[in-house]
Amino acid sequence: MAIQVRAMSFHCLSFLPRIKKNSKENAAVLPTLLYISSRRTIRSLVRSSTDSSSSSGRWEEFLKQLPTPIPCLSDVLWPSAGAFAAMAILGRLDQLWAHKGLSFTIAPIGAVCAVLFAAPKSPAAQKYNMFVAQIGCAAIGVLALSIFGPGWLARATALAASIAFMTVTGSIHPPAASLPILFIDGAKFHHLNLWYALFPGASGCLLICLIQEVVTFLKSNYRF
């Protein structure tokens, strides 16, 4: 405020040399200059206060979005250990069944692990949503490939049908939406045909669910 007042005074004094000394016009001109300068000063003060209040409001909104309270160590360690165990076991199964051309470790399984271990209470982590979406979307991918063949039309149709299927059945599970595209673009899965609806998506999720139950038990009984 003091800086603004000094600036106003300097602004007024800058006009004084232009005014003739001991003239009758001083009495009329000088108040006018003071009035104009004061209006400009008040306008700048209001603008600066408005900007500061809006910035403080944005800062408060940012602070509200921060996670609170900070999760304890067990809430971080056990889900991470569960995801490690799930991918390690699935990777070992891949080695045992490599001669058959089968693979459990597909990209959607990583997304399923993130949902089940990091957000077990979210709608996407519910068992009904997961298994219905995994089976239905995988089957849609098989049908889209058989009807349209490989290409952009099959991918687009399969994805749209998968979203419609999850919406109608109330089984929203985002990782399942990638299963049709994975089948259409992955030639190594084509020989499975409709068995792809159960393997590797649904069968891999079954193993992950078992590990999640262990993680839930450990989080409840061993907190640190």
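Note: Cβ is positioned from N, Cα and C throughout, glycine not excepted.
Model, not experiment: these values are computed from the prediction.
TrEMBL has this to say about the protein:
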DOMAIN    71-218  domain 'HPP transmembrane region'
TRANSMEM  101-119  transmembrane segment
TRANSMEM  131-149  transmembrane segment
TRANSMEM  156-174  transmembrane segment
TRANSMEM  194-218  transmembrane segment
Handout entry: Surrounding residues of the transmembrane segment (131-149) on its own chain - C-beta under 8 Å, 6+ positions past either end
Key = 155, 157-158, 161-162, 165-166, 169, 171-173, 175-177, 179-184, 190, 193-194, 196-198, 201-202, 205
Practice task
Count up the helix, strand and coil residues in the domain 'HPP transmembrane region' (71-218) according to DSSP, in that order.
Solution key: 123 helix, 0 strand, 25 coil
